[in-house]
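Undergrad: One structure, as structure tokens, below. Some questions next.
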Amino acid sequence: MYVCLCNAVTDKAIRNAVRQHNPHTMKQLRELVPIGTDCGKCIRQARQIMVEECGTIIPMHEVA
């Protein structure tokens, strides 16, 4: 599903960026994926996706 229509960014692209780079802030996420650069309507949904994905990332100290 498209999250950002202005830049054609999908939820899958956001999820992949979060899984690969583990951003902790929206600023960090925006450096990885072009969201919120035009109208800004996608920011809320992108943040929600980031929060959902961050909850699924297992910290390294729990893996060992």
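Cβ atoms here come from the backbone N, Cα and C positions, even for glycine.
Grabbed the feature section from Swiss-Prot, which reads as follows:
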- Cys4, Cys6, Cys39, Cys42: [2Fe-2S] cluster binding site (BINDING)
Undergrad: Helix, strand or coil for Cys4 ([2Fe-2S] cluster binding site)? Use DSSP.
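TA: Where Cys4 ([2Fe-2S] cluster binding site) sits, the three-state DSSP reduction gives strand.
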Undergrad: Only counting partners 6 or more residues apart, tell me which same-chain residues put their Cβ under 8 Å from the Cβ of Cys42 ([2Fe-2S] cluster binding site).
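TA: For Cys42 ([2Fe-2S] cluster binding site), the qualifying residues are Val3, Cys4, Leu5, Cys6, Val9, Ile35, Gly36.
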Undergrad: Counting across all protein chains shown, how many other Cβ atoms sit within 10 Å of the Cβ of Cys6 ([2Fe-2S] cluster binding site)?
TA: 15
Undergrad: Could you name the residues, excluding Cys4, Cys6, Cys39, Cys42, of the same chain that surround the [2Fe-2S] cluster site, i.e. Cβ within 8 Å of the Cβ centre of those residues, in sequence order?
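TA: Here the nearby residues are Val3, Leu5, Asn7, Val9, Ile35, Gly36, Thr37, Asp38, Gly40, Lys41.
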Undergrad: Looking only at Cys4, Cys39, the binding-site residues on record, which one has the least crowded Cβ, with the fewest other Cβ atoms within 10 Å?
TA: Cys39
